[in-house]
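J.: Have a look at the structure that comes next, please.
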Amino acid sequence: MIFQAIRQQQPLVHCITNYVVANFQANGLLAIGASPVMADDPNEVEEMVSIASALLLNIGTLNERTRKSMLLAGKKANAQGIPVVLDPVGAGATTFRKQTVQQLLAEIHFAVIRCNAGELAAMTNTAWQQKGVDSGDGTIDLVAEAKQLAQRQHCIVIVTGERDLITDGEQVEWLTGGHVQMTAITGTGCLLSAICGAAYTVGNKPFQQLAQTLALYKKVAEQAIATPAIGDFQLAILNELHAFSKVGDVSCTL
Amino acid sequence: MIFQAIRQQQPLVHCITNYVVANFQANGLLAIGASPVMADDPNEVEEMVSIASALLLNIGTLNERTRKSMLLAGKKANAQGIPVVLDPVGAGATTFRKQTVQQLLAEIHFAVIRCNAGELAAMTNTAWQQKGVDSGDGTIDLVAEAKQLAQRQHCIVIVTGERDLITDGEQVEWLTGGHVQMTAITGTGCLLSAICGAAYTVGNKPFQQLAQTLALYKKVAEQAIATPAIGDFQLAILNELHAFSKVGDVSCTL
Amino acid sequence: MIFQAIRQQQPLVHCITNYVVANFQANGLLAIGASPVMADDPNEVEEMVSIASALLLNIGTLNERTRKSMLLAGKKANAQGIPVVLDPVGAGATTFRKQTVQQLLAEIHFAVIRCNAGELAAMTNTAWQQKGVDSGDGTIDLVAEAKQLAQRQHCIVIVTGERDLITDGEQVEWLTGGHVQMTAITGTGCLLSAICGAAYTVGNKPFQQLAQTLALYKKVAEQAIATPAIGDFQLAILNELHAFSKVGDVSCTL
């Protein structure tokens, strides 16, 4: 099982991320036995990513300095064969975000893009109202656009929402389950993107590893909702991630 | 009831805030059904605030870049009639903070200023020892200075402490209750300021909406203290905010 | 007892720190009755540190701007006799971190350096693989290098791990106990460094005050593990810090 494989291999995930969720992301990665490192200065990101197993670029609180760092780290990761995950937070909300994402997509090869429907729309230049966006209900357009983006970028595209979609441009899989309360706390999507980075590194069937990650993350939500109070729910997610990565033996069918 | 109105209308609150409390603020806004967005780069704050319902400027971990962003976002918000809340964290502690606050007050029209007694003193050039400051006990000076600031800035001034004071320069209301443990965790004042931004937008009687917000926040503290352990108390506040925004029906007398 | 002395004296600890753990650090300091202030801009750090009881420099998410701030604040603190604590997070991971630490050690007098074995190795130019580093098991080299660093920098050096080592260059003490789960959440080491800053200020026997702090922090871990779920454990640490600083009377044998 993928979380157990992560605990066994303890990949180091270098996150250039936003300060709103950095703590939650670090603790979430630690909860499944991965090792987080946050470093975002142009002076050191190339060296830092070189010792990492995966790189996460999350534009949640983007600025000029971290944009530069993302480009440096992403290119270095590409040169060294280290997988890069993009989380294009609010990509359609401002020109600065949209242009940064376009530049990142043009100059860096991503292994995985993890987004919601509005962010997908921004990346494929589809009309969409970014504010209050949700993944919708699996219209044919969502599949078509995700596949198109995956083909164009030669990567796996994950679009999360009430149902999650994963595609490598050919295969398409839908994941159901989870719980809507995941959208009522900050950082659950951001954490999932970081976990995707860890999951990508621990086997040689990325599509299956990531599909299993999405399925497990929905199970985590289903377990965590047993602790429904909104503050405690946040920690229940960490508790369940921890539990899932420890149950049973670590033999992994992937 | 104001929190229920917020849950119904889901205002988007753009926060230019400090990294110490950003997560707590985001989860606190989400807990009452508001929608937070943190973005602090000069490249995008004008565009981001344009799609927001309210703007919060919090100088807790101010730097040159975010100072510029605050000015840009504040002016844009003014131009578009979007209410702006100022949280002048530690305004009297350093010259940089005091000058920034003076510039913000000179160039931006705030709908609400939410501060403590020491920060009020810094804004009205009253002698005060910023360190270890507390709101005192409602001396006549506190009322006089808050009223004067409200008149000068044409805004609502809220001074929180053991008792909270709210004034629009004419009306003055005191709110009692709450619990002293609110001062023993970081970010409760910062979160209140963000909630004031949300509360301001959901009706047309701002003074009453904000007075009710202060009263409810004290109720939240009184409920949360049933979970007295200091770590858990932090989450109990989120739990209670959530509960208060959901109880009963959403008919709002304001 | 040292935590009770901190609660009694309420030292203000100025932290120039990383955004991953800033909230946890602030709440941890508050939990024992200390007063945190985070401020990291060159425009204000000299003024801010001047009103503080102690200064913490933590390079966890270092950048050019905060490097400059650390130098300014550290020198000001030295000039005013305010103790400075260094937390050289990941010192050996990148050239930027290593060079920054070397510059800080050359230009600032630290009262305390709190590190792990890998960071110690980076400061003493010993070969070490920074990634996945742990404090080892008290080999003679660890003692020799910590003593050497303490002598060279005229300060107290604390190396934490399964066992903690404290030395002033002559005396050496080992502290045992604690719980390995402290390494499974982010920020426990960072928080300890901040608490060391507070502990240093509340007496005139720094070595004993810090040794007692290390011993108590291990007790905190032993108590907190009664709440083993990883998310809740994080808050249990805050709960226990709070409890330890309140038990019994505040008479302090130090």
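Every residue gets a Cβ built from N, Cα and C, even glycine.
The shown structure was predicted, so the numbers you read here are calculated from the model rather than taken from an experiment.
For A:MET38, A:GLY187, the entry in TrEMBL reads substrate binding site. TrEMBL lists A:ARG114, A:THR160 with the feature ATP binding site.
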J.: At a CB cut-off of under 8 A, do any of the binding-site residues A:MET38, A:ARG114, A:THR160, A:GLY187 come close to chain C? List them or say none.
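T.: From A:MET38, A:ARG114, A:THR160, A:GLY187, flagged as close to C: A:MET38.
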J.: According to DSSP, does A:MET38 (substrate binding site) fall in a helix, a strand, or coil?
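T.: DSSP assigns A:MET38 (substrate binding site) to strand.
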J.: If you count the other Cβ atoms within 10 Å of each Cβ, which of the binding-site residues A:MET38, A:ARG114, A:THR160, A:GLY187 comes out on top?
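T.: The residue with the densest Cβ neighbourhood is A:ARG114.
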J.: Give the three-state DSSP assignment (helix, strand or coil) for A:ARG114 (ATP binding site).
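T.: Note: A:ARG114 (ATP binding site) is in a strand by DSSP.
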J.: According to DSSP, which of helix, strand or coil covers A:GLY187 (substrate binding site)?
T.: coil
J.: Rounded to a whole number, how many Å is the Cα of A:GLY187 (substrate binding site) away from the Cα of A:THR160 (ATP binding site)?
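T.: So the Cα of A:THR160 (ATP binding site) lies 13 Å away from that of A:GLY187 (substrate binding site).
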J.: Between the Cα atoms of A:MET38 (substrate binding site) and A:ARG114 (ATP binding site), what distance do you get, rounded to the nearest Å?
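T.: The separation of the Cα atoms works out to 19 Å.
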